[in-house]
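For reference, TrEMBL has these:
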type	residues	note
REPEAT	110-144	repeat 'PPR'
REPEAT	215-249	repeat 'PPR'
REPEAT	250-285	repeat 'PPR'
REPEAT	286-320	repeat 'PPR'
REPEAT	321-355	repeat 'PPR'
REPEAT	356-390	repeat 'PPR'
REPEAT	391-425	repeat 'PPR'
REPEAT	426-460	repeat 'PPR'
REPEAT	461-495	repeat 'PPR'
Amino acid sequence: MTLFSLTNRVSRVLSASKVFIPHRRIQFHGGSHPQGNKEPKAIQKQESWFVKVVCTLFVYSQPSDDACLSYLNNNLTPLIEFEVVKWLKNPTFGLKFLELSRLNLNINHSFWTYNLLIRSFCCMGLYGSARLVFDYMKIDGHLPDSTLLGFMISSFGRAGEFGMARKLLAEVQSDDVMVTIFAVNNLLNMMVKQNNLEEAVSLYKENFGLNFNPDTWTFNILIRGLCRVGKVDQAFKFFNDMRSFGCFPDIVTYNTIINGLCREYEVDRGHSLLNEIRLRDDCAPNVVTYTSVISGYCKLGKMEEASALFDEMMSSGTLPSVVTFNVLIDGFGKVGDMLSAKSLYEKMASFGCIPDVVTFTSLINGYCQIGDVNRSFQLWDAMKVKNVSPNVYTFAITINALCKENRLCEACRFLRELQCRNIVPKPFIFNPVIDGFCKAGNLDEANRIVAEMEKKKCDPDKVTFTILIIGHCMKGRMLKAISIFDKMLSVGCPPDDVTVRSLISCLLKAGMPKEAYRISTITS
């Protein structure tokens, strides 16, 4: 089929095919124009007709005869070729047309054709095809601008194609293409978010100071990633390197590293950094800074230091947040000082802080720890009044406390309420109740709860199986204990030493040495 025999069929084909919708601005996914380049000119009416003809020809019969190729060679321009690729509305077709025209036609393709195809392939997740178009682009004498390059790096990074992104960075540096620090920081940020911390540090060491000058955001990204995995000393090295690059830590830097220190129980170092910020003219501690250090002291049980810092924060004019109150209430609850915890709870409203589920759960946990479970029920009532929904930990704390007092019927009531809520149940909620019934010798009820647990798609864990095995052994149901042990293995839940030793000991006492030997052999 030649170009000339097709012209009479164009209108019929256009109406029959969704490939052709006459709208000049339609582009592929991600086809926005990068900054720094002028938009391509609008084509004329007669050119628009020619675009439709070429599209039809290419979709239904790729031109191969000399006359057709000669005609296209004489009449296709970079602008028309761009419009053809755009009108095809299919990046794969667009790439085939690009390859055909590169091999058989003498066309100097425009930057916009490559830009459109690269962006479209990236948005479709076809990074190999995007990379191929990029290679064609360089061979044909075009270099990407910073916007297109940033888009490609971000796309590769989001897909976890960090090797491809780093290779692209190395290539464009040798071509003297400008890469913005924003693009590199964005790649670093994605590496950290996807737990590729070592690769992020490697990227920094390979490029910064040689090819790029880092900024404060660069250091903040790396410090945050290192602190999150507990590598605070390594984070401090970056913190100390900042000034050598002309960068200065901002409040985000300080907050990140202080939080990292306090999570690793190095609270005094965190407090020292807080004092350092207070001496600076260009930076001041905020509620996040104070709360991080207060939280650190609370985790260590140093409530006097936490309270003193809370008072200092208030004196400086920094108002506490809900999180500040929550960490203090939780801290006082864990040391059994419920008077202080309740006092802080009552102060929250005066600071515009509304108690949330964490507040109530911390108070409930505090009362349960001092053995005042009945007082914790008042907080459940307060939650209902304030329309605050309990979470999985609220239930777990209350159920565990009731089981410790052997109030199994009440614990079961909370289990039933839990199952009526949109909360994903966890084994640690059921285990205390199962253990309570096993110790009471009511194995049927324990088995019923396990069955209910499995019905809710909550698989028993190592603790559940161990409780059941020991419970059945204590009642002399050795065969049942063995079958539970075998089930434990079959579902891929490896027993620990406590489980194995307990079962073997019980089997030997019951005069079942062969079974004990089999269990020992399996687990060894």
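Glycine too: its Cβ is placed from the backbone N, Cα and C atoms.
Any TrEMBL annotation is an automated prediction that lacks curation.
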Within the repeat 'PPR' (321-355), residues counted as helix, strand or coil by DSSP: 27 helix, 0 strand, 8 coil
Distant-in-sequence neighbours of the repeat 'PPR' (286-320), which means Cβ under 8 A and at least six residues beyond its ends: 251, 254-255, 258-259, 261-263, 265, 267, 270-271, 274, 277-278, 327-328, 330-332, 334-335, 337, 340, 351, 353
For the repeat 'PPR' (321-355), distant same-chain residues with Cβ under 8 A (at least six beyond the ends): 287, 290-291, 294-295, 297-299, 301, 303, 306-307, 310, 313, 362-363, 365-367, 369-370, 372, 386, 388
Tertiary contacts of the repeat 'PPR' (461-495) (same chain, 6+ residues out, Cβ under 8 Å): 427-428, 430-431, 434-435, 437-439, 441, 443, 446-447, 450, 453, 502-503, 506-507, 510, 512, 515, 519, 522-523
